[in-house]
Amino acid sequence: MTRDTAAAARQKARIVLIGTGGTIAGRGASPVNTSAYDCSVLSIDDILADLPVADSLADITTEQLFQVGSENFGNVQLLQLGKRIASLLERDDIDGIVVTHGTDTIDETAYFLHLTLKSPKPVVVVGAMRPPSALSSDGPLNLYNAIVVAASRLAHGKGTLVVSNDEIHTARDVVKTNTFKQDAFKSPYGPLGFVVEGKPVFYRLPARPHTVDSEWSINEIEALSHVGVVYAHGGMNDAIVRAILDSGVKAVIYAATGNGNVAVSIVASLVEARKRGIHVVRGSRTGGGVVIRNAAQPDDLYDWLVTDDQPAHKARILMMLALTREHCTRKLQDVFWRY
Ligand code: GLU
């Protein structure tokens, strides 16, 4: 039997379910504890055991890689998770991956995977806003839907996806936008599709390069530079900027007000940063829209960058990857415009 006929004869996709913790692995004292509970206490096997219908969807094997709230994810975890997924995706007997993850930084991890995995096979990152112990927990259905998507041929070649609240989001666009509601995940241009009655439906595609078309490969990255984020506000002085410049960062993302406006009291410290070899990336704290190069500030003169439309925490991921290959400002700016 050829590999193609074997695949056609096989009824179910082979999925690896990787547990990393989060609310989807949480447990509250009572069913009414929808927002106050112990995070990252259920194993990935416990979570799957509570979803017996998943057996009908795929042949699932499990791995417990971490057991932490995602606010604790650092570059070490990103690299370890990415390398583990890459080695699984190389295997002919694995068709897709689902990662259970805390929702706090799920958008950062998913974006990192989206840009560094060299495979068209589906990778779906999923979390929950309510623990499985809570009334109307979103965990079981989110996980079910994530497995549906990872097992589907329709998800091939679409990069890393985040499935939540019946929606399928591209990792590039998705952000967490709410502290407790189940529809916390939004993409500024809308989700790619939905999962309806156990069937994925796609309506659009990611426009920017990812996975097999990106310039980064997880297997070639051994370390990531430290990139800091500064959040602007009214009445700001430059103390926090100066502190971050002395912390060993290679770049700072400045989440400026509005369309990348930088207060007069801050400009000198950011100009000095660049003179000290630290890249400055002007972004926006608004959560939407594009920061225009050379508009609110003379980026060419200061040798600064702009984020395009990325929020600061996702611009940080992109900048860390960009710095693995480039140091020239023009090329770094192209990375923001391309991805
Ligand atoms: N500490 C959790 C986290 O891992 C809380 C959020 C969640 O998973 O929903 O991000």
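Glycine is no exception: its Cβ is also placed from the backbone N, Cα and C atoms.
Annotations in TrEMBL come from automatic prediction, not curation.
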Of the candidates Ser70, Ser136, Ser137, the one that TrEMBL places in the substrate site of Thr103, Asp104: Ser70
Ser70 (substrate binding site) in three-state DSSP notation: helix
Spatial neighbours, same chain, of Thr103 (substrate binding site) - Cβ under 8 Å, 6+ residues apart: Gly22, Thr23, Ser70, Gly127, Ala128, Met129, Ser164, Lys176, Ala184, Phe185
Tally of DSSP helical, extended and coil residues in the domain 'Asparaginase/glutaminase C-terminal' (226-336): 42 helix, 21 strand, 48 coil
Site of maximum Cβ density within 10 Å, from recorded positions Thr23, Ser70: Thr23
Cβ atoms near Asp104 (substrate binding site) (within 10 Å, other residues, all chains): 18
